[in-house]
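Step one of this worksheet: look at the structure below.
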Amino acid sequence: MDLDTITSISTPMGEGAIGIVRLSGPQAVEIADKLYKGKHLLNDVPSHTINYGHIIDPESKEVVEEVMVSVLRAPKTFTREDIIEINCHGGILTINRVLELTMTYGARMAEPGEFTKRAFLNGRIDLSQAEAVMDFIRSKTDRASKVAMNQIEGRLSDLIKKQRQSILEILAQVEVNIDYPEYDDVEDATTEFLLEQSKEIKQEINRLLDTGAQGKIMREGLSTVIVGKPNVGKSSMLNNLIQDNKAIVTEVAGTTRDVLEEYVNVRSVPLRLVDTAGIRETEDIVEKIGVERSRKALSQADLILFVLNNNEALTQEDYTLYEVVKNEDVIVIVNKMDLEQNIDINEVKDMIGDTPLIQTSMLKQEGIDELEIQIRDLFFGGEVQNQDMTYVSNSRHISLLKQARQTIQDAIDAAESGVPMDMVQIDLTRTWEILGEIIGETASDELIDQLFSQFCLGK
């Protein structure tokens, strides 16, 4: 594919030890050679080497920066094009000057995600792998990054390609039946083959969809909201789970005036922990904003940790709060077990019914293990499955797999009902196309542009 040469800063903007300007395209080495004082990059430098030198402004002859230049020649690069990476000091001013020089001498500013888009367009990766690159960058837990890396390595792609190949084999057999309708035994054999293979494809699609709920949690984290009256120990619970001091812990009710959020691994389950301001009536303007944000967080939660105070009897406020959350996935926690017990546990059990109940002391770090195990068991039914298995974690992929399951079922129903093979062929072809959208082989240009526009600059 004949494309122009693009350039961008590939490291976060701001002060740092290193900043990188990346170029990709047919003129990448030539443009860098015009700016670089050192070895002759075009002729004297082999591929996949790092070279010390300086960036010079060709017009003023001024030394702009002391650099290390990586030369990566096509096709063994991320984009399958020539790539230059100019490693500069991390100051904003200097790295921008180097970027401007690359554009002055022939490169174009890259669009968001354009380097990865070129890797896709040049056949280096497919669309699902490209999406996994961004998932990997955005991953907040070890497990999320592992799921993304498995997808980058092509595990999902291989499974999708295998099913598409099976559909092509069915379609080839259907074509034989259409071309030679006079042979009854051919039609019978075709129907039998079609049903057997189609049911296997549907079974594989179902297996992938079965991983969707867990995969989405791995990718995005389980949105977990800690809720309860002010000063029941919500912030202490957040700090114990993340083993950090993120929230202010005091004896003053209403100290948390905003929604605090943190990512953490709990028994291999990635949680997006949200500590809310206590939900109560208040005249304090700042606290009132926090309460409203808490209500919004509750409405979006996957899991709610409802905290009660062992040192206080249940109040109407506790009952009111539980009414708000009782129809969600809830774990009730009676905290501050190190203090005198003034709460009636039997009354708590009457209020919550079969909802899981854990007793803890965040001060003495007691009951935390039981809480973590309960969280894991509630969503994963025990041990989390092997992280090396292939998960479907992307909402777009899940939606397409559901569509493919329906169209392959339509083909099965049609074949079993004796519908003419050329009609069955339509459903099979549609299934093949839908699966192709996952890996980008049948995706529209508009979809591809939209997906890559979500990437960051320089990637």
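For all residues, glycine too, the Cβ spot is worked out from N, Cα and C.
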Per Swiss-Prot, which of Glu62, Glu65, Glu81, Glu85 sits in the (6S)-5-formyl-5,6,7,8-tetrahydrofolate site along with Arg22, Arg124, Lys459?
Glu85
So among Glu85, Arg124, Lys459, all listed as binding-site residues, which is physically nearest to Ser235 (Mg(2+) binding site)? Use the C-alpha atoms.
Lys459
Pop the Cα-Cα gap between Lys234 (GTP binding site) and Glu85 ((6S)-5-formyl-5,6,7,8-tetrahydrofolate binding site) into the table, whole Å please.
47
For Lys459 ((6S)-5-formyl-5,6,7,8-tetrahydrofolate binding site), what residues in its own chain, 6 or more apart in sequence, show a Cβ-Cβ distance under 8 Å?
Ser10, Pro112, Gly113, Phe115, Thr116, Val133, Met134, Ile137
